Amino acid sequence: MAGRSGDSDEELLKAVRLIKFLYQSNPPPNPEGTRQARRNRRRRWRERQRQIHSISERILSTYLGRSAEPVPLQLPPLERLTLDCNEDCGTSGTQGVGSPQILVESPTILESGAKE
């Protein structure tokens, strides 16, 4: 892991092994039995998965020293956001999706109070 010290890598690997063990200790439920029994087993399994997920987040935040959730990105106001399609549109297999469109303003739609 680039830019990290070896000791930090060992701590992170230890945390990942622990999380992997937690998930492996909760295998998917057995598909046998009555519908109600299967439903109850799935419900209990999902609850254990949620608990393992929250424990895993706490382990990672402890070992990494930060939250597992990304910090929210501050965006400018919506009025200032624009889509600029002058820079090589459709390079990732989406030809035609990002083609520029011309906005024709209709006074009947934009001016709700005006009647013709």
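Including glycine, each Cβ sits where the backbone N, Cα and C put it.
Per Swiss-Prot, the features are as follows:
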- 36-47: compositional bias 'Basic residues' (COMPBIAS)
- Ser5: phosphoserine (MOD_RES)
- Ser8: phosphoserine (MOD_RES)
- Ser92: phosphoserine (MOD_RES)
- Ser99: phosphoserine (MOD_RES)
- 18-26: region 'Homomultimerization' (REGION)
- 23-49: region 'Disordered' (REGION)
- 34-50: motif 'Nuclear localization signal and RNA-binding (RRE)' (MOTIF)
- 73-84: motif 'Nuclear export signal and binding to XPO1' (MOTIF)
Neighbour count, 10 Å Cβ-Cβ cut-off, for Ser8 (phosphoserine): what number do you get?
14
Tally the residues of the region 'Homomultimerization' (18-26) by DSSP class, grouping H, G and I as helix, E and B as strand, and everything else as coil.
7 helix, 0 strand, 2 coil
What is the number of residues in the motif 'Nuclear localization signal and RNA-binding (RRE)' (34-50) that are helix, strand and coil, as DSSP sees it?
16 helix, 0 strand, 1 coil
